[in-house]
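Here is the structure we will look at, set down as structure tokens.
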């Protein structure tokens, strides 16, 4: 995968990750919790030291431990989510209430169909919630109990998929550390108690990447095609559940195309013979991705039980409106400034309008913001937005709607009280827990960024780096906040593990520094095994 373009991609991603981590350390953009930097800074220093010095014992590098970590991690995530129940609000509550109404056989009101017409992307979530309500009814438990268990399964699959991504590149030691870091950042998050798309899409994102990368390493055409198709299907399902995984499909296509211009593994004649099969694979993958992206929402409409004929396609905001929403800025009384997040007044401004009227409104809004800020102000806005999105290691936990209001958490016993003290927004130890988690997240960003500044391109690293650049661009251009990165946390951690040995201070056991080429040796040709 050696080429000037591939190397530039890695350097760009590395510089960006280092920049947002350093800004978060020295000039943070406050999230819904103010991190205590006397705790965060030492945490980062200690973790960076461990990253430089510590090696996983050989006894822990076996084929069974990753399975154990995945299963136990999923069980821990399920238990934490089940214990920490709270009355979440916003879209998660709206969709759950619709699912409960459908389960009870109550007719849906026009307001409900107005909501689903405005946000048709939530119909797959509605289908999942409806299944949760139905299964809960059969078992005599609340839908949340079923769906939190499903979330735990998602965490378990995510942990094992992250292991599969890292092992071929960095070995079992870094892969194990990847699992533990993902478990800390994702598998212990307060988000486990909220049945929403972020965690449902997560295993399909990292799992899809793992399958496609495995396909590229297989020698036979049939096995390549089967694994590659399975990976694309996973990414398509992730996209149907949550829009942001579209960036994974784009990253995979770009990696395939960049493979055509790589310089390290073949002569010009052989590269020319690769063009047709690679282009054909990209087209077939795009068609399969689109088919899955259309089929899943259609199936979700049937499973959910809604009357799809009452969903109005012309009521959904155009892309320009989401770009306009991404340009908004608002400061709450507590002093926290948010960049490009949900604004109720912008939603009300397009209600009842035609698509062309929505587009006109969005264009005017965009023009007004650009004129108001000017070129320098616009650049500063997007820089602040990137720093704000990436500088929150709790990923906006308790930040949506009324989630953080007193009394939202339902403490039902001593175990729940202990979990609430650590994971509840008003818990006694939540601040320390958040500070330590922030330190871990910023360490991951620094390790990934510094490693990318030295690593040589190989298909696995390039795929992960392009995915990270994709979600960074998505959250810059469109509406977003740190929660939108949550689905991609395993990707970022896996990337850090894959380039970890390229860090300038890493040494071999004999004392010699590792070279970037040793850390990231070129991978097998992208089209190996494809007849030319």
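Here the Cβ of each residue, glycine as well, is placed from N, Cα and C on the backbone.
According to TrEMBL:
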- 516-532: compositional bias 'Low complexity' (COMPBIAS)
- 508-532: region 'Disordered' (REGION)
- 9-27: transmembrane segment (TRANSMEM)
- 39-57: transmembrane segment (TRANSMEM)
- 64-84: transmembrane segment (TRANSMEM)
- 145-167: transmembrane segment (TRANSMEM)
- 174-193: transmembrane segment (TRANSMEM)
- 199-216: transmembrane segment (TRANSMEM)
- 225-241: transmembrane segment (TRANSMEM)
- 247-268: transmembrane segment (TRANSMEM)
- 275-300: transmembrane segment (TRANSMEM)
- 436-454: transmembrane segment (TRANSMEM)
- 461-478: transmembrane segment (TRANSMEM)
- 484-505: transmembrane segment (TRANSMEM)
* To do: Mark yes when the transmembrane segment (275-300) and the transmembrane segment (9-27) have three or more Cβ pairs under 8 Å (sequence separation 6 or more) and no when they do not.
  => no
* Per Cβ pairs under 8 Å, the stretch of 64-84, 145-167, 174-193, 225-241 packing most closely against the transmembrane segment (436-454) -> 174-193
* Structure fact -> Long-range CB partners for the transmembrane segment (145-167) (under 8 A, at least six residues beyond its ends), listed in sequence order, are 66-67, 69-71, 73-75, 77-79, 81-82, 128-129, 131-132, 135-136, 139, 174-176, 178-179, 182-183, 186-187, 192-193, 195, 199-200, 202-203, 206-207, 209-210, 213-214, 460, 464, 490, 493-494, 497-498
* Flag the pair the transmembrane segment (484-505) / the transmembrane segment (174-193) as in contact if three or more Cβ pairs fall under 8 Å (sequence separation 6 or more). => yes
* Structure fact -> In the same chain, residues at least 6 away from the ends of the transmembrane segment (199-216) whose Cβ sits under 8 Å of its Cβ atoms read 125, 128, 150-151, 154-155, 157-158, 161-162, 164-165, 168, 186, 191-192, 223-228, 230-235, 237-238, 241-242, 244-245, 248, 252, 459-460, 463-464, 467, 486-491, 494, 523-524, 526, 528
